[in-house]
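Listed in TrEMBL:
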type: TRANSMEM; residues: B:21-42; note: transmembrane segment
type: TRANSMEM; residues: B:48-65; note: transmembrane segment
type: TRANSMEM; residues: B:77-96; note: transmembrane segment
type: TRANSMEM; residues: B:102-122; note: transmembrane segment
type: TRANSMEM; residues: B:127-144; note: transmembrane segment
type: TRANSMEM; residues: B:178-197; note: transmembrane segment
type: TRANSMEM; residues: B:230-252; note: transmembrane segment
type: TRANSMEM; residues: B:264-287; note: transmembrane segment
type: TRANSMEM; residues: B:299-317; note: transmembrane segment
Amino acid sequence: MTALFQVDRLKKSFGGLDVTRDVSLSLQKGDRVALIGPNGAGKTTFVNLVTGHLRPNSGKVLMDGEDISTFNPMLRVRAGLVRSFQVTRLFADMTPEQHVALAILQREGKSGRVAGTFQAMPDVMRETYAILETLNLVGLARTPVSEIAYGQQRLLEIALAMALRPKVLLLDEPAAGVPHSDTFLIENALAQLPDDLAVLMIEHDMDLVFRFARRVIVLAAGEIIFDGSPREVTEDARVREAYLGSYGHASSAA
Amino acid sequence: MSITNTSATIIQPLPAASSNWLRDLVGIAIILAAAIVGYFLFPNNLALLTRMIAIMLFVLSLDLVTGYCGVATLGHAALFGAGAYAAGIAAAHFGVTEPITMIAIGAVGGAVAGLVSGVVILRGHGLAQLVLSIAIIHLFHEAANKASNYTGGSDGLAGITPDPILGLFEFDLWGRTAYVFGIVLLIVIFVLLRILVRSPFGLLCRGIRQDPVRVSAMGASVKRTLIKMYVISGVVAGIGGAFNAVSTQVVGLDSLSFTNSAEALVMLVLGGVGTLFGALIGTIVFIGVEDFVSAANPFHWLTIVGALLIAVVLFAPKGLYGTAAALVERYRKGGK
């Protein structure tokens, strides 16, 4: 059975520095995978390679068995590979309603229309409000994004990803910048994602990782050093060493 | 369940749509009122008001790419001049003197110039973009200068004698026909542009202005969208240029000049970007003040225009319309 999404021996170096070394992984429908690793492990580089914002030195990215390595970022989105951003990227003057509607229009190939408004398209309005309601954003539907709280902007990032109906979703630190007390909002939003969607989440908040992920991949110094269940990851010696250095041994000895 | 559904879908969509149309109607009413007032206040100066209309169309077209898409350009007169020359050459050399056909030819000329300059200018970003746009206008200017067989070179293109409009309304000496024709053109285009900027395509363009990376992460092509807007902008600018050719019956090299481009940008900033209304107001104020001040003080008028601009940019950075709209908004919120 071919994997829904597959990364095959991806390599990238900047000058003499290898930031991604032979990274291979695959996702199936419905996967909930967390990608973790210490600072500088190459997580963001990995996302940029997969989404086409950086060109790898070698290696392939496949969707449904089709090689999308030569696709630009836009074509990869159209193939069903959608990402969210670590730092929120939204349109400051526009409302959540307009954001979600624009994403839906784009997905449906209607964003080139030069007449009519999305408010006059019942299907688009219905879906927009359904998504906003799932994420509890209906009350803010008509408030410009520059006036809403950062935590809610993070939710809107997830709303946009949902509106694009991806097959594979890469979440780049969805809880970054959100106060710890509000993380549950993000968590609830993630729980609303469709069951057959494959999700790869990069995250530092370990509580969130352990509650969300059914599989954990650990990246350190550009290499995958662990790929397994969340239960095993805490016991893995290499992971401990990557995170804690020699202290890892000390604490296990103690 | 059903209650939340209906409340969610019915909440506000209707008021928003109708308030849009209300604003359009108010806009049309204001343009018409201003046109009538202008007609009776300055019966001997209709030529100036007619030139204002041509420039308004030009500044509107600039607002599409600069105000809505965030493309900085100092070469937009290439689109205006292309429309003017296309209509002028069709009339002077090929005997196409039917005015509405001339306008259509101008629109096509402007669209082609929009496509060419869009493809070139959009290769750069920021300062590089600005420099490319300046290069474009100089190239267009020089091309028109060299092709003097068709364009008349620096002497200008004369011999444009448009037929009566629809075979009924002859262009008179006082410029009344040209004025009314211009007002009709302006209103039609203004309404079409209002529809354009709130369409899905207009929304996409606004998104690109604010964050192109986010737009491409939605799977939309930033470049294709911008080039499409450039072509539409070219149509509008071309119509403005063609109307100028029809109403003045000459086309000069100055229509393809850097100064013309820069002045259009100044008018747009003066009125306020990204609103369409700002483009109209900026043009009226700039050309009006220029005309008034240059008559009152022929020696220092440029100084006075310069001082006015500095005052607006410092004290009303959103432009005249933008600042007024912000004040009204604040007053409304304060009133509630």
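Just so you know, glycine gets a Cβ as well, placed from its N, Cα and C.
Please treat TrEMBL annotations as automatic predictions, because they have not gone through curation.
Between the transmembrane segment (B:178-197) and the stretches B:21-42, B:48-65, B:230-252, B:264-287, the greatest number of Cβ pairs separated by less than 8 Å involves B:48-65. Among the recorded stretches B:48-65, B:102-122, B:230-252, B:264-287, B:299-317, the one sharing the largest number of Cβ pairs closer than 8 Å with the transmembrane segment (B:77-96) is B:230-252. Beyond the transmembrane segment (B:299-317), the same-chain residues lying 6 or more positions past its ends with a Cβ under 8 Å from any Cβ of the stretch are 266, 269-270, 286, 289-290, 293, 323. When the stretches B:102-122, B:127-144, B:230-252 are ranked by Cβ pairs under 8 Å to the transmembrane segment (B:48-65), first place goes to B:230-252. Among residues of the same chain six or more beyond the transmembrane segment (B:21-42), those with a C-beta under 8 A of the stretch's C-beta atoms are 48-49, 179, 183, 186-187, 190-191, 194, 277, 280, 284. Residues 47, 50-51, 53-58, 60-62, 64-65, 71, 76, 79-88, 91, 99, 102-103, 105-115, 117-118, 121-122, 151-152, 156-158, 160-162, 171, 175, 178, 181-182, 185, 189, 193, 196 of the same chain lie 6+ residues outside the transmembrane segment (B:230-252) yet bring a C-beta within less than 8 angstroms of a C-beta in it.
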